[in-house]
Structures are given as C-alpha cells and as structure tokens.
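Worksheet: the structure to be examined is printed underneath.
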Amino acid sequence: MNGIRDLTEEYPTPVSIEILSSSEEDNSEDEQSAGSSLKWYKKVNKYRGRGGHPYVCHAIATQGPQRKQTRYEDVKFWPYIGPLQPWKTPNGVQWSWKEYENTIATCTKGKITVARCTEKDPWKILWEMDINDHLYTITWGYHPFTCHPLIVTAGQKGLIYILDTITKECLRVLRGHGGDILWLTSHPLHPHILASTSYDKSTRIWNILGSDEPKIPLGEYPNENFPMGDADEGNCLFAILAGEGKGGHRGYVSCATFHPIKNAIATVGLDRQVKIWALPEFPKPKLKPIPTPRGYRAKIIFVPVFSTSRLHEDFVDFVDWLGDDTLITRSRQQVAIWQWLGYRRYFRPKDPLPQNIDPSVHDYNDSGSFMPISKYPLGSDCWAMNASLHRPFSPTTSELDKMSMDGHILTDPLVALVAHRVGHHAPEILLFNPLLAQDGEPPLPPREMRARSRRDSVASESEAPTSPVIGDTLMETAVEEPEDPAPAGNGNVNTQSVNVDIQQDIITEQNGSAIGPEPASGSGSAAHVGITPGPRNRSLESWRLVASDYQALVKYNSKKGWRMFIGGTNICNVAISPRGAKWIVGVGEPGTVFVWKLDD
C-alpha cells in the first residue's frame, strides 16, 4: 500500500457526462417518445458518446514518487458472485461472499495489488505482494474444497504463480511454457481448470490440483530431449494446443477464453488467426491428488475445429463468447461480432463434451464457416490493451428489488474498451451493447436509370437520366438526400443484410475475464494514425467515459515532481464488475487508476 495515494478529496472529479450541444439535442419528438421507455443501455447511441450514460468518475489514484512508476498490465474483478459464488465461506475469515464482491486484482512489474470498490472509498487498497517477475496477466479462481480465493498471475519468465489470498502464500509455481505468458483465464464452471497463452505459440490447459512430476529413481538421469507435453509439469498439465503444424497458431497467442458451458476454448493471436478448439473431458478435482505416473504425457491437440484469418486484417488480441455460437473479437483497428456456423456439428444441447475432435481440413484450413453480424472500425490503435465483457444475467428476487431502486443496473451484455485516439489527451473508456449490433446502414435508394445493355452501363454519367425507369416511362421521383450518407465501403462492413437476434443466444447465469469508439474527426481522426476509416455502424456507436479532470491532475502532480504522461491516453486496461456493471475500473501508466460508478 506504500506509494499509492488517493487524490479524490484533493481533486474531486466531476460527472463525466458532457452536456450536449443544442444541435445534438435536436431530435424528432417521435424518436424521443419511442426511446423514453427504454433503459439507457438499450438505446442506440446517437450522440457520439458524449451523453446517454449514467457513469460518474469517482476517483483517480496514482502512485507517489517513492516508487518507480510503472504501467498496470492487467486488472480483473472477482467474478464468482450470485449463483456462481463458492459453496461455503473459508474457515476463519470475518467476511461473507457478499462483502467480497467488487474486489479487484491488478498486476504490474514485480507486484500484485488487491483492492476493493466501496461506496465510502471507491479505491481501497487491501494488500500487496511483491513477485520477482514482470507480470503481464492476472485472473481469479478458488480452491474447490477450501473455497480460498486464488489469484493466478504470470508474465515475462514464463512461470505461473498461484497465490492464496487468505494465507497470502504462493501455493505452487507452474512451469513449462517456452516464452513469456500473455494471458491467463480460469474456467467459469470449473475453477481448478486454467488456460495460459504464450510467445511459444501454444496454449496450455492446466489442472491446478494435479501432482508434480514423478521423482527420478536413484541412478537415473532426466531425459533432456523430452517431447512437448512430457516435460516437468506433471499431471497438472492437462492438454496442449500445439502451435505451428497444420492447425496451430503461427504467432504469439494473445488471448484465450473458455466456452461458458461447453468443453471448448477460443484463441486469437498475432497471426491474425481466430481458432476454436474442442477439449476432452476435464479431470475431476481431488482432495488428494493422484501421483503422476512415470511416462505421463498431456494430451496434445494439433488441429482446432475452426480456424480463419478472414475476420480481421491485423493482429487479433481479444476474444470472448457472447452466446453458444456467437463471439466477439478485436484487432488493432476493428471489432467484429460473428457467428460460428459449425457449432451444432460439434456440440449437442445437453452435452458439454464435443461429439467429434477430428475436424475436416475445411474447418481448420482458413475456414469460411462463419457469418459476420457486425463490424466496426475503431479509428484508433488499441493493440495489447485488454477489453472487458459484462455478461448478461437473469436477476434474482433480491436483485429485482435492488434494481427497482436503481434503474441504471445492467442486465444486458456490455463491452468496455480502451480508447487510444491521437489528439485526445483525456483518458477514455468506450462502452457498447452487443445486442444492438446490426449490419451497418441500409442501401441508399436508386438514383440512376438501370442500364439496359452493356453499352448503356458504360455510358457517361451525364448521359444517364436522373430518374428510375418503370417499363418504358421515366418516373419523376423525389429522392431525399440522406442526412449522413455512409462513405464508400472498404470491406469493414458486411454487405449482406443480416438480421440476427443475438439476444436469443446470449448465455445467462453462466459466468459469474470492445466495441468501439466513434471514428474520430479533426486531430484525432483515423487518418492521423494511418487507419482507413470505414462506414460508421451507428448501432455500435459507443458511450464514452471521459476522465475530464485528468489534465488538472497532471498539473497538480507536476508541481510535486511526479511524472505523468501528458500526451495520449493514460488507461491501458479496463474491467467491469459482474452482475450489474456498477463499477468500471481503468488502469494504466504510470501507475494510475480511474474508477467510474453508476450514478444513483
């Protein structure tokens, strides 16, 4: 806790909702009456994010000068609340699971920090632990038998540290990756199952309750030429999604996410590939692990059941499941919502195990078995900045009572994404609701006569009539000029008219670890960062959370000799609290925390 200073009292932050100009408020009465009965998160945002959301920036905290200021690499909320909370409270603790809600874990170089968001103190540091590693990623879990909350973190050394938050001890260190570890994620229904991705182009599936490698008998020497999966992890290594080969990633694997209810996992990486892997049955948790037999090898999976590079034209660094067969992915410059068409060929409704783990070559060789629902050009470069998904849920009776008093609590999905727009110095977080996603703008009405022959089709525009033809008669048709015509497409928006109701596929009550900014104009336009802006998809216009007091904070700290970045965004990663999205926390460099809360 040393070196962290809460600046809320000395620099109270105002409401981050900016007042709309009169021109932006000039909407028709029909639009206002139609949307007045909807919750704020169910309305398509028409104001380019400067209004319409109820979030207020409650705190900005920064490290003091006594520590070397570094970037927070990751941040995660405790996800096991509501129906997913552990089955008992750990022995000897003085809190309940309800009090453990809104607890946050962050990691940075050499340290993890555990904090909590409360009404009285939006950013309350609980404890910290030093770890001799540059940590890149962090996730939560819990012990299936003791129910002790666990923090799992990893980074530059390729080691995975499993920490008990009750005893403040490191329970074990998992090793085996051949490079830096970029991402960790726990299974939402099986907290002892963990996945890690790495520079070594592989993804490893772990059973954290497994045993270490067997001891070598006296007189024998270890085999240093062991194949992949026969290293020193023991049977705590369950499976390896192999890199390279005919179906693996050919670049760094940047993100992985378990399917909420099926034995499947999606991965993305620097090779622009999006892959879905079917997994065999997970090992059952055992109070006393079975010793690893000699010659044990983890299952090696060489080919996924789906793989494509057609979704994005750049590095892909985020993936999550919106439904059974609906996913969201993000590249450096674009977000995509899409449907995996091969889902029902591999999974049955009431069986979590795959029906087949031997896919055809068409499924793993740049497959076209997907349907784009919506794509949105970000207008910024957000590489290696973690996004966050608030999963939808069906509220309980007590939650319904709470929601009746606070109408802002969300039940829909909500995606939070960091904005990194050139020319915008105030830190921003962008929010959007994937349920509103539609396939771009409808086509414009015809404005020229249909060509009657190939010769007519190449005639000059000056020779063509300006009215459409019905039979042999020219009809004078008054065509209104569109208020905001979409620019010429560049492939970022699917040209087919797809009307997909994602809400039917959204998974509820399953897990409980973005989409996009407006295409900026002026000094922060996409052209300034070498990005070709595509057609704006109004259904995915984002709400903007702006820390408008950031510049005042920079000046305040500069007088005390504290160094803070003036140019560009200060937020690198973001997390949304589960079951309601009451809190949104953004962390970044140099060691700064921004806390937003739903305004009651």
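Cβ atoms are placed via backbone N, Cα and C, with glycine included.
As recorded in TrEMBL, the features of this protein are as follows:
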- 447-458: compositional bias 'Basic and acidic residues' (COMPBIAS)
- 436-472: region 'Disordered' (REGION)
- 174-208: repeat 'WD' (REPEAT)
- 246-277: repeat 'WD' (REPEAT)
Same-chain Cβ contacts of the repeat 'WD' (174-208) under 8 Å, 6 or more residues past its ends?
-> 79-80, 84, 136-144, 150, 152-160, 162, 228, 231-233, 235-244, 248-258, 260-261, 265, 267, 269, 277, 279, 282-283, 285, 298, 510-513
Tally of residues which DSSP labels helix, strand or coil - the repeat 'WD' (246-277) = 0 helix, 16 strand, 16 coil
So what pLDDT does the repeat 'WD' (246-277) average out to?
-> 94
